[in-house]
Amino acid sequence: MTRYIFVTGGVVSSLGKGIASASLAAILEARGLKVTMLKLDPYINVDPGTMSPFQHGEVFVTHDGAETDLDLGHYERFIRTTMTQNNNFTTGRIYEHVLRKERRGDYLGATIQVIPHITDEIKRRIIKGAGDADVALVEIGGTVGDIESQPFLEAIRQLRVEVGSKRAMLMHLTLVPYIATAGETKTKPTQHSVKELRSIGLQPDVLICRSDHPVDASSRRKIALFTNVEERAVISLEDVDTIYKIPGVLHAQGLDDFVVERFGLQCNSADLSEWDKVVDAKLNPEQEVTIAMVGKYMELLDAYKSLIEAMSHAGITNRTKVNLRYIDSEDIENQGTSLLEGADAILVPGGFGLRGVEGKITAVQYARENKVPYLGICLGMQVAVIEFARNVMGWKDANSTEFDRNSGHPVVGLITEWADATGAVETRTEASDLGGTMRLGAQDCQIVAGSKVHDCYGKDVITERHRHRYEVNNNLLPQLMDAGLVVSGRSEDGALVEVVESKDHPWFVACQFHPEFTSTPRDGHPLFSGFVKAALAQKNKA
């Protein structure tokens, strides 16, 4: 039977619940247990698919096409389990489902209330998401005390009672600030945070004390005394120079032993040798490259969380320190390509909307004309095609219909029909809703032998995740190819362009899919690894 570890946060947000949860999950997995993770988001949006990257950060796409919270990216990078649409849900999704059942008459005329109807639906989804895992870690978004999270906290209170203390425990992350002028850590915020939890019937079993300084033994004893938590379960988690150290930090303090004993599980001791290798490669690089990343959302780098991590993973696999130079594409529009000078490679990620697109196109032109290694992702592929059409074909009005519906050469247009992951045909028009209407999830792609992308993957067919509603216009594709645009990857049915390359360029690859969603610190990703190798070759050539 599945054991549940519910994870909450207190005092302030952004303490790193997702990282801490994933790190514990990684240790339990290293002990031979089957582990899964869930993220419960209290906001009322149905999913984050239409939320601004400046507010929410990245939208992580699962294998089965769910648009989810970026924490699911952390989960997949730390454990081997593949997340699905069952691993993330929001208040909006819960209410949508309950109200649909009410409209159908499923509740037989009952008055619909938060308790029991909303809480029952939350519990049902937690159990479904946990599946047949030995241990399921369930992270509750937000901070204890927020009004939005109250139904979720009530639901886990009920579930703890229903499954019993041998199958459920609560891990609470809290801030233990260090006051430099006084030279001491303060435990009072933690005490009050636990008091808030206990007022709604939740007693923590584990406390993770986040701080920028070590939380000493006397402070941990004091916290244990005032919060009714075992002293061995009060864990100090200070800031580290790489998040991939955290499994080792938690293991060294015996957190996994406490969990295993509490649940009465029989399992092996943890083998964290893979994580030791990752940390060693990360902290002891043998080479160094600088890559210019030209994006639209540079004010909030969480909008590119998986991509930034994927570049770090590529550095790990190549024993190379990857310095990312973050450049706002609008700055290129205003200041020119001098911002790109000195970069060993150029990376243009995805995005939506007209703002900053011309700066991205200029960055592509700089990379192509100056033979600088280039990797384009999603919109990064579309702007590569637009740049080629304008500056090689001479179609100065070439554009995407996303940005100019009246373009005389719409080389990129809305996908109106495609087959989803199950083979069902989906259709869209300009009038379709924005939410949940993109080409989403894992799709097979046929790779052309002898291409740069084939050199990276070493396969004829690959599977990568997508999140887009625009594609290369097949009506203009023959002319583009005649002029030298190389199409090195197509969808399984051959209908959609997935990868393009530039002839007579040392390394120019642009893909419609999002390879960053499947990159992990232990295995890296072949495309990003190849990109960093190309950047190293460029640097050594200079």
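Glycine too: its Cβ is placed from the backbone N, Cα and C atoms.
Just one of Ser13, Ser14, Ser400, Ser407 is listed by Swiss-Prot for the same CTP site as Asp146, Ile147, Glu148, Lys186, Thr187, Lys188, Pro189, Thr190, Gln191, Lys222, and that one is Ser13. The ATP site recorded in Swiss-Prot comprises Ser14, Leu15, Gly16, Lys17, Gly18, Ile19 together with one of Asp64, Asp69, Asp71, namely Asp71.
Record note: Swiss-Prot gives Leu379, Gly380, Met381, Gln382, Glu402, Arg469 as L-glutamine-binding, and the candidate from Gly351, Gly441, Gly494 in that site is Gly351. The record gives Gly351, Leu379, Gly380, Met381, Gln382, Glu402, Arg469 for L-glutamine. Within 8 Å of the mean position of their Cβ atoms, the other Cβ atoms in that chain belong to Gly350, Phe352, Cys378, Val383, Ser400, Val412, His468, Tyr470. In the predicted model, the domain 'Glutamine amidotransferase type-1' (290-541) shows an average pLDDT of 92. Taking the Cα of Lys222 (CTP binding site) as the reference point, the closest of the recorded positions Gly16, Cys378, Arg469 is Gly16. Across the structure, Leu379 (L-glutamine binding site) and His514 (active site) place their CA atoms 10 angstrom apart. Gly16 (ATP binding site) sits 26 Å from Gly351 (L-glutamine binding site), counting Cα to Cα. Comment: ATP site residues Ser14, Leu15, Gly16, Lys17, Gly18, Ile19, Asp71; largest CA to CA distance 13 Å, whole number. With respect to their backbone Cα atoms, Lys17 (ATP binding site) and Glu139 (Mg(2+) binding site) stand 7 Å from each other.
Under a cutoff of 8 A between CB atoms, and with a sequence separation of 6+ in the same chain, the neighbours of Glu516 (active site) are Ser306, Leu307, Glu309, Ala310, Ile377, His525, Phe528.
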